[in-house]
């Protein structure tokens, strides 16, 4: 650490001027060189050694090594400790050096990439590392973006360009970025050289989806957001060229800001091992003290008789001082009771278990061509101890492939099929689909079965047309014409893609889109709408709106979003329609369909002009821009007129009900945390066997105030515990957790997002947790990403249980990182969840195999390995303790010094590693057929403090027999001439051979 360097002031806002290196240089911004490596040739040895000595075990053995070079206290040569220590340090150093070498290579490769930079009136090739903030660079198709740049212009009309952000968030679908209109025509070198705009923006940060800034140019200011930025790591696609101005470079880019260290997760076995090592060290001290006291007594009573003919150092003649030296000698001799090879062996086993997961062909999804991946090697045995699973619904339990199924328009539902007796008919694959041949631009893969909706469109009913017009306008989808008449939609979410495709088939086709216009083909007629404003969707607003001007000059606001949010903003004249539509929504949700409400508003020209000025002012602010925009959006999204609602289907993934049933049999509690509405979540719960009709009761919590939620929580809890309390001894203070194991009846809890917000308050969270743990199933709906993490944290904080969170989208990242184990599903919502996870695979059903097979095996193997390892080292080491009583407590060793050095490295390494890698109590078929076997890990029965003490006692007993049986045998054996049969070396070899044989055979006992 360069402590003499002056601390650089914290950057509050960034000022960047184009083509002005002198102006930008005074701010001392970072250049574009990146450095992810940790070491150099000169710093590797000291830094790596320092890092390794941060581990208590390594530091402990360094202290022992220092003690061993003191002749007065060491009866062992220094190599008995230094050989295994160097072996461990060397392996770790080689691994670290190899990793860092690849980092150096990667850094060098990236830093030496070439990019075209505008310098002194011409484009010149420059290495990435030489690019500076404020430079204007040119990118070409399929080229990586060198830094975080502000898009100025491109080869596409209106300054559009397409990028792929897979390296940032894992998403492979193309995203659209668009330059400001004022800069979109700066396509010539001369114009770019004259560009001297100044950007004032936020300081460097790691938020990939936001950017706040303002461009000042030609006495005007223009708002900048994330849609005008190209971030380092993106790839330019389907765009011939573009120019951009560097805003953040090198380590200050958002990509590099996201390369910080992730939270290190430790298993419960790791924590237990640290405690046990301290106990073993205390036991080692006790043995040293006992033998030191023995030496003091022996020296004072017996050893003094030998001083007549054994002249020693006068300073060592004191029995007490002799005992003091003996204490340290025995600390050295008995140190193998805490073997350094234990930590290396554990890491080898964990690495092997991770490869077994990666290689499992039964967890390979052929449809997605995706294998299971263990993204960490430290949590494998924790997979065998999971008690709580927190799961997202959409894309995790369901396929996240959306299909438009039904809708409600002006109080009438569409989507059902009826027979000649006006009875609803179940729709199957054989049910006839609507003929869309009247629309030459329809999507041939789209299927709908209710012909009455097509007739309503053909009759040009105004409300029906407005309904589909809204779907065709209110979105962020980009159309791309692959060939004449062949349109492909680039949608950032499956929901939007399904709704725009539905509008397309019913005659409202999205044809082209520019920053200022949206062109539709409405029933064969091309209509262009002027796009005036986009009011973005986010998890707080839960809605999206667009403001457009139609060819007649009318200004309209179209909005779609969650029904609860839209209904709150409806005009009072829509009360009856809202009531009817609400009933339809409940019906749709009861069928497991995802719903959205649609509404519109006619805007007055003068009002909109005033509102636009406010929008322009707020959009150019740096501080609190998002909050101020939200207030402005709220102002205009009032007094809406309801059009109807959509219902799209998201089917369950294959094997989800069977997986949940199996995990329940393993006594794993599954909580579903979803943003969907209550009815949809409950229907999915019934579909996947989490909710059943034979359950005693399903509690639905929907209170809107703290008192209401408190009353509902207490009422439900008292209902469950009522009979148990009556049958108890009448003690009102009995702990509710006592009843968790005794309640036979099955209950379920379903709670809404607004109720959950109150239930997570400090005064109610304990009641919520108690009630949830008494229920077989818990479903939380309408929850935000933050609430998901809060629920997981609540269980982690108050329950001594291992938690696992599984999801597939960016909204699941917070709970994935919060849980002990995070699992990502590589689905339709990108790869954010996978990138934040510890394990990943393609479908939910593989979770069953991950936990019941790999998790249980890893836990079983690791526990057996640790029990055996501690046993064999107690048996190996304590022989010295017994020998101390026969050698005058002189700290002499029984074994040869090389045997002590190589016992754990060579003589007993392979059997214990083989056991830890390949041992099975039952095969994988039985692991899946008998889920109750999983409970051993949940109850932590295979390795705990009691098991450790039993292993230690067993090792002590073995050492006792290994020493005293040969000792007694050799004591009575004599040669024919009456001399003793054996010497000390033969005695040591006999014990060592017996030890290796006994502990090796013990592996299979």
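Positions of Cβ are set from backbone N, Cα and C atoms, glycine also.
Per TrEMBL, domain 'P-type ATPase N-terminal' is recorded for 16-82. The feature transmembrane segment is assigned by TrEMBL to 53-70, 76-94, 276-298, 327-346, 865-886, 898-918, 948-974, 986-1003. Annotation source TrEMBL lists ATP binding site at 392, 393, 394, 496, 537, 560, 594, 674, 675, 676, 782, 788, 811, 812. What TrEMBL lists as Mg(2+) binding site is 392, 394, 808, 812. Residues annotated as active site, 4-aspartylphosphate intermediate in TrEMBL: 392. According to TrEMBL, the feature domain 'P-type ATPase C-terminal' maps to 834-1003.
Counted over residue pairs 6 or more apart, the CB atoms of the transmembrane segment (327-346) and the transmembrane segment (986-1003) come under 8 Å in fewer than three pairs, which marks the two as apart. Tallying C-beta pairs under 8 angstroms between the transmembrane segment (865-886) and each of 276-298, 898-918, 948-974, 986-1003 places 948-974 first.
Long-range contacts of the transmembrane segment (276-298) within its own chain (CB-CB distance under 8 A, at least 6 residues past either end) are made by residues 56-57, 60, 319-320, 322-324, 326-328, 330-331, 334-335, 337-338, 870, 881, 884-885, 888-891, 945, 948.
Rounded to a whole number, the C-alpha distance linking residue 537 (ATP binding site) with residue 812 (Mg(2+) binding site) is 17 angstrom.
Overall, the recorded ATP-binding residues 392, 393, 394, 496, 537, 560, 594, 674, 675, 676, 782, 788, 811, 812 cover a maximum inter-Cα distance of 24 Å. As a whole-number mean, the pLDDT of the domain 'P-type ATPase C-terminal' (834-1003) in this prediction is 87. Residue 808 (Mg(2+) binding site) and residue 594 (ATP binding site) have their C-alpha atoms 17 Å apart, to the nearest angstrom. Ranking the binding-site residues 394, 811 by how many other Cβ atoms lie within 10 angstroms of each Cβ puts 811 at the bottom. Residue 675 (ATP binding site) has a Cβ environment of 24 other Cβ atoms inside 10 Å.
The CA atom of residue 782 (ATP binding site) is located 14 Å away from the CA atom of residue 812 (Mg(2+) binding site). Taking Cβ-Cβ distances under 8 Å and a sequence gap of 6 or more within the same chain, the neighbours of residue 392 (ATP binding site) are 672, 673, 674, 788, 806, 807, 808, 809, 811, 812. Cβ neighbours of residue 594 (ATP binding site) (same chain, under 8 Å, six or more residues apart in sequence): 394, 402, 495, 647, 648, 649, 650, 676, 680.
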